[in-house]
Amino acid sequence: LIFYSLTGQCLIPHPASIDYTQEYYRLPSDVEVQHNAPYCFTLHAAIKRLLGSFNLKHLVGNVTKPFAGNITRLILNVSSECDELSQVLYPTEDSKEAYNVSIRNGTILITAPEVWGAMYGLTTVAQLVNITDGRGNYLPGVKISDFPRWPFRSFLIDSSRHFLPLENILQFLDAMATVKMNVLHWHIVDDTSFPYESYTFPKLSAKGAYSRSYATYTQKDVQIIIEHARSLGIRVIPEFDTPGHTLSWGLGYPNLLTACHMKDKPEEPFGPFNPTKNTTYDFMGELVKEILKVFPGDAIHLGGDEVDHKCWQSNPDIREFMQKMGYGTDYSKLENYYISNLLKKTKEVTGKEIKAYVWQEVFDNKAELGRSVIINVWKSPFWRNELDLVTKSGREVVFSACWYLDYIKYAEDWIEYYRCDPASFTNNTAQLALLKGGGAAMWGEFVDGTNLISRSWPRGAVVAERTWSPASIKDVDDMRTRLRNYRCFLLSMGLNAEPSTGPGYCNLI
C-alpha cells in the first residue's frame, strides 16, 4: 500500500522559492499571535482558520529531522493599512498577493504588502503542518518567498444545467482558497434554468428556475456566497450568457427571444435573443445595472458563445433587418451588432466602462469592443493561434481551453492539464503581458451537488499551480506526490475529493 505522509510535500501551488532548514518545531496548543492590523477583521478570520487547521484530522507523517523546540509565536506584518471599522475590504484584480514566510527560532513570521498576501502565507503554513500519530503537530524550519505568476486564477462552476446547493458552493470556495485561486467564475444561468432571483425582473427565476422554491439563489444566498468568497480572497464574477443560451430567460419574458419560423409561420422552439429590438437592450441594461450593484468589483462575464443562427435565418423580420443593415447573410455581423449595442447600453446605464469578459467568438466575429473587454479563450485544439491573434490585437486575454475538467478520462488525466502552459504560444514579451491568467472549468451537464467537489478536486489544484507557480515548476512525479497528499488534506477538511493519482491510502488520525 502507498501511505501518504506529510513532510512538506503538500504544498500546492509550489512556492516561487523555498528553502528548508534541518529543524522541526512542535506546535503546542497555545501560540501567541502578534500582528499590526488590529482592525483588519478579514485577517483575524484567516488567523482563526489557520489555528483551527492545526486541530484537523490529518495525515500521519514521520518527523526525522532534529527537534528544535516549540513554536511560540505567530507574527504577521502587513505593509498596507487594513482598517475595516467602517468598510470591509474586497479583493480586486490589482490586489498584491505576494508574501514571505519564515519559520525559525520558534517563530512563524509572515510578511506581505497586503492582507491578501498575508492570507496566502497562512494558507501555506497550514499545508506545512505535519501531524504525527500521538506525538502532536510539527512544522519544518523553512524560508519561503512567493508570488503569483498571473493575477487571474479562476474556477468555473455551472449552476444552470444542474442546480448547485448553497452549501456545495461554499465548500467549493473553501477548496479554491487552499490553492490560492482567486476568481469564482459563476456561470449562473443558461438555456436549462435561470436560478438567479432578480429583484428587477422576478419572472426570470419564477418561470425559468427548475423550482421556484428549492432551486433558486435568493439575494441573501448570493450575498452569503460573495461574503464567503471575499473572506477567502476570492472575487465572484457572474456570467449571464447572451444572446444564445437563453431559453430559460424566455419562459418569463418571451419577447426577449426570437420566434423561429417554419414556412414563414412562428412556431416553437424560440431561438436566441432578438437583437433587432431596442427593448432587448433596455432589458439587458437594467439587468446588468442590478448585477453590478449585487456583485462588487464592476466585472461581469457577458458570454457570447455558441450562437445558433438557424432561428435568426428563419425569421422574416430578422432577415429584413439584415438587408436593411447591409449584412447580407452573414449572421456573425448580427452577433457583433448585439454585443456592441449591449456594451454601449451597459455604459449608458452605469455611467462607466465595466470590466466585461466575453468568450472568444465575440473576438473572432470582429465585434466592436472597448479596451476594457477581456477575451476568454476556450476552444481547443488551436488555442495557441487564438492567443496569438488576440494579443497581437492588443487585447487582454484569459485562458481555459485545455482545462475543462468536466471532460472525464480514465487514469491520471490531470497530467495533461498540468503540462498545458498557456504562455507557450509566444516568446513575445508584449504579448505575454496581455495574458492575465486563466482557470479550470467544471460544466454542469453531468455535475450537481453530489459530485461537484469530487469531480473538481484535487484535479483543480494542478490548474491552480500552473497559474500561480513559475513556469519552471513542472515535474510530474513531484506533483503526483504533492497531489496525493493534498487530496488527503482536503479529506481532512471534510471535502470529498476523489483519488486522482492511482492506488493509495490516506491515513487520517
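Any Cβ shown, glycine's included, is placed from N, Cα and C.
Listed in sequence order, GLY244, HIS245, GLU361 are the same-chain residues at least 6 apart in sequence whose CB falls under 8 Å from the CB of GLU306 (active site, proton donor). According to TrEMBL, the feature active site, proton donor maps to GLU306.
Sequence annotations record features per position, and here TrEMBL assigns disulfide bond to CYS40-CYS82 (among others). For CYS40 (disulfide bond), the Cβ neighbour count at a 10 Å cut-off comes to 23, with all displayed protein chains included.
Positions annotated as disulfide bond by TrEMBL: CYS260-CYS311 (among others). According to DSSP, CYS311 (disulfide bond) is assigned to a helical segment.
What TrEMBL records for CYS488-CYS506 (among others) is disulfide bond. Note on CYS488 (disulfide bond): other Cβ atoms within 10 Å of its Cβ, all shown chains, come to 25.
Look at TrEMBL and you will find 11-146 tagged as domain 'Beta-hexosaminidase bacterial type N-terminal'.
Residues or ranges marked as domain 'Glycoside hydrolase family 20 catalytic' in TrEMBL: 150-470.
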Among CYS260, CYS311, CYS488, CYS506, which are recorded as disulfide-bonded residues, the nearest neighbour of CYS82 (disulfide bond) by Cα
CYS488
For CYS506 (disulfide bond), the spatially nearest of the disulfide-bonded residues CYS40, CYS260, CYS311, using Cα atoms, is CYS40
Relative to the Cα of CYS488 (disulfide bond), which of the disulfide-bonded residues CYS40, CYS260, CYS311 has the closest Cα?
CYS40
Around the C-beta of CYS506 (disulfide bond), how many further C-beta atoms are within 10 angstroms, looking at every protein chain?
20
Take the C-alpha atoms of CYS260 (disulfide bond) and CYS40 (disulfide bond) and report the distance between them in angstrom, rounded.
56
Fill in the CA-CA distance, CYS311 (disulfide bond) to CYS40 (disulfide bond), as an integer in Å.
54
